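Shown next, in structure tokens, is the structure this report addresses.
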């Protein structure tokens, strides 16, 4: 049997489902979908054109709807939620975890929101309201409330007997939380400590000092950092008075890490990281046009700078031919520095204490790279055009612009961060403006002085 | 007390350590470092200039060296490994997990490798050799061998008694693996199933059907997908005969996910995702110059195309001024499509079955966006230059180039992937070449026809 990668396998199945859907074999599609895990069903919906999504959704077993909603990309989820009637959604919501429920409710259109809430029973409604009482990107917003709490003064034997009585544990339970009578968090005891301890051991002696409680209003980025720092699999969440509210498990943290890493890459191209790959044409056109508009301003600034030198351009068409070279190389060099800095800031490498060292380093790299390419290009141009002066002019402009690119690549993202503007989103536009303007000024300006 | 974010807190500490280091207060630095977890020590080394790293390393408690090596970025680790003597490294290696050991050995310079191996005792040497027998990016390469295996025919009571005798479990144990006498993997039983089952329950009846074994040669990307699909916390790894070799835990998977997401972003700027933020200037200059060289070829192609139109540029300097506009907008639009497609391929959204739909969609978006900006720019230029024909020419070129950008943004990464070339690395250069060449041809070519 030839080895097939996970991804190819997924796509063969996707093809199978789509073919069956196109030929109207709905019973067969329903059967195919029945055996797929929620993650794959979500992937299938995300990989399908918008118009097939509602049809597919209706063929998915209703018992899986909750799990699939949870896995879906936000934008795709919104599209599907628009097409479900409130009563059905209320039924779906019953089986969902609190954290996922809150996420779904946050993406619900306002008009439907109240209707769904009304269709739910009292207990579910209060679950939703509790979950929505925390900000979206905080520990409280991503936690689950299915914790098992125990008293500090009981023995291991009592706990084991309780667990046997209780039956199944909540998913991904690797520890229990020790609380006092008022539900104040005292510490965590790992499941593995309980199974390896003697029956008569008192729980309080098994508390794992390495597990700290997280405040419900801690930002999710910080939560992810703590998980990575301490290699946690789960962590308790408490309120301001230290009362246990719930727990966060590492699978939620995986989502945060993926989203953050994706966010930088997508933002740098002016895209939303929740963007639907198969979003409708008009919607995408509209969204992308904003970014293109911002870039047009940059491009027009370059044009404006060039137009200041129309005199020399009129005299020497070769300057017009070469005019794009210096800004282009500066843009690429600056973008390298910018990307490195944005990643460094995300990983926590860069702060007040070392930004100066970084600036000197990137300035030096810009200067040396400028020197290399200045000499190379000057030689090419001097030989091609039989014009030593032209070579010298372009070399000088290149050196100036590459050095400016190094400086801007470090200072632009640092300044944006201080101003609370996302450097991944705004950084590259500002950087390109700098390298375009400096590049054209240095090239055409020097040319005007020397050749004009 | 004002709230301080995790990141600010890290940097305050970093500043503290660096200040103390600069003032030669080594005893104090050693004390500061003693209380820091390995993750923070690694972050501290990564955030420090290369010259301070060796000094810091020597002040870190030797017991933590193994854990810190494991957490370090590959390039930073290499720099430190160069400065440790082989006997010391052999001592560090003793306490390390097999997967981390293999990773460290893979980054060891060849000259030191054999020396370190010789300095190790027989048992450790064979651990290293076993770990190195698997490819780096496979399940075998990232697994650990600290599994607990049990027989299918024993009772829960027997297992619990065995665990109590054994004492502490390996880190992050959430399940045990059921194997036959020849070590063939039969299934996994979760720790939570064991604590909730009756004492006399036979282990084979508790096997969790949702946990599948992973083949040791499965690619790590596929491993990560499986973990995400099934929300696993750990999974068993087997050889071709189905024998249990070890297990992979979700913390290893978190690293894979972070690396992959970072890889796309860094590659698009021509950077290595293992790049050291504070790498020495000359090393960085050399590395970046490769990418700048590749981009120079692109830029020179644009120059070559422009030079074909020197005649018309000589007649009308305004064409030279406007020449950068169309390629610039096309580049931005194409880059948006490219980024969306690269992310879609990484998430598994895009395959044979839906690439055509995506192409039509992006072509349409390119066309509509082209139309919007064509009309806008044509109006600006026509009014500014009092020249309707010039407006029409730039509008036509803009429409052409934006449509080409949409097509190239989809087809370039798909073709590169078929050729087994990383689209994140090569995509943007090829795309920019397309949008530069098409943009200049369309603008200056049409201008030559209409105005020449």
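Each residue, glycine too, has its Cβ placed from N, Cα and C.
Note that the coordinates shown come from a computational prediction; the quantities given were computed from them, not determined experimentally.
The range from B:270-289, B:290-309 that TrEMBL describes as transmembrane segment is residues B:290-309. Annotated by TrEMBL as transmembrane segment, the relevant range among B:231-252, B:363-384 is B:363-384. Sorting the domain 'CBS' (B:143-205) by DSSP state (H, G, I as helix; E, B as strand; all else coil) yields 20 helix, 17 strand, 26 coil. If you average pLDDT over the domain 'CBS' (B:207-265) in this model, you get 89. Beyond the ends of the transmembrane segment (B:315-342), by six or more residues, the same chain brings 264, 268, 302, 306, 309, 350, 358, 362, 365-366, 369-370, 373, 377, 381, 385, 390, 394, 397-398, 401-402, 404-406, 408-410, 412-414, 423-424, 427-428, 431-432, 434-436, 438-440, 442-444, 447, 451-452 to within a C-beta distance below 8 angstroms of the stretch.
DSSP labels the residues of the domain 'CBS' (B:207-265) in these numbers: 27 helix, 16 strand, 16 coil. Beyond the ends of the transmembrane segment (B:290-309), by six or more residues, the same chain brings 269-271, 319, 323, 327, 429, 432-433, 436-437, 440-441, 444-445, 447-448 to within a C-beta distance below 8 angstroms of the stretch.
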